[in-house]
Amino acid sequence: MQIQLGANLKPYHTFGIEQLAAQLVVAESIDDLKALYCSAEWASLPKLIIGKGSNMLFTCHYTGMIVVNRLNGIEHQQDDDYHRLHVAGGEDWPSLVSWCVEQGIGGLENLALIPGCAGSAPIQNIGAYGVEFKDVCDYVEYLCLETGTVKRLTMEECQFGYRDSIFKHQLYQKAVVTAVGLKFAKAWQPIIQYGPLKDLSSDCAIHDVYQRVCATRMEKLPDPAVMGNAGSFFKNPVISQQAFARLQIEHPDVVAYPAEQGVKVAAGWLIDQAGLKGHQIGGAKVHPKQALVIVNTGDASAQDVLMLAADIQQRVFNCYGIELEHEVRFIGESEETNLKQWMSEQA
């Protein structure tokens, strides 16, 4: 392993904002991870494991070590009823989805073009167009930082929720995802009840769903390689049935979906209807085609993004009485932070 000192983080996160890390290293094996996390030499140094850096914003320079997960490899097994994949944590997620479609393996096509690595998928329980990671998860393997051993969790043990998992709670900063196990029924059924997939026929093919999802994302979502962004910036808020009924009276065209604990309201709709598409602070801007995305127009600072996010949050609350929660992870100088904490520090 080669450790970079004073590394520029711009190439390592999709917002593409200039920040530095005291140290940065690429891990290509579990032994690399063990050496970094479990040896006395590095024990006291703050560490952050990243994949593609596609769901994070570095709010300032990072004083610890950035560990880039580049564990690679895909193993495929099958029986009469199921395809099973064992995927290393550093595998590129969009490439994995594309590979599955090429192999005729259905189940991931709704999750096409979500930037990131396989190891990040269970942490966030990524989802799109009616499918979440938990729906295809068989197990997750992780390096336990307390024991230095690789452990396996079943899907149920991962405690998946909406953009949530055990890795954000009980195992936060105690685990590094090394691999995921995926399970796909050969009796594939398309999930086409959401958005632009609704007009696909029930007898459509895996490739049809994949192409539609890709076309939709490329039309509505900016390419991070061209315009820096971290995808959906805010979570879709879940509100009670009573609160939704009140909201519907004033806004009968509100976009929402049933959820386990109430109604999930489209955050993009809330931001759009608050008149914030194209709203800009410094080099940070609400994307004119997709209000849920904040983009770096080329010279944005982290403060620009944070100020814009806070402004969006306040305006949406003023309009609808709904507080948006950011989906993007905020990384401070040595640990994860959040918008409320950042705002209190500015006061």
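Using the three backbone atoms N, Cα and C, a Cβ is placed for every residue, glycine included.
Feature annotations, courtesy of Swiss-Prot:
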type: ACT_SITE; residues: Arg163; note: active site
type: ACT_SITE; residues: Ser232; note: active site, proton donor
type: ACT_SITE; residues: Glu327; note: active site
type: DOMAIN; residues: 17-187; note: domain 'FAD-binding PCMH-type'
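Per-residue pLDDT, averaged over the domain 'FAD-binding PCMH-type' (17-187), rounds to 96. Each of the active-site residues Arg163, Ser232, Glu327 was assessed for Cβ neighbours inside 10 Å, and the highest tally belongs to Ser232.
The CA atom of Glu327 (active site) is located 7 Å away from the CA atom of Ser232 (active site, proton donor).
Of the recorded residues, Ser232 (active site, proton donor) and Arg163 (active site) place their C-alpha atoms 11 Å from one another.
Secondary structure from DSSP puts Ser232 (active site, proton donor) in a beta strand.
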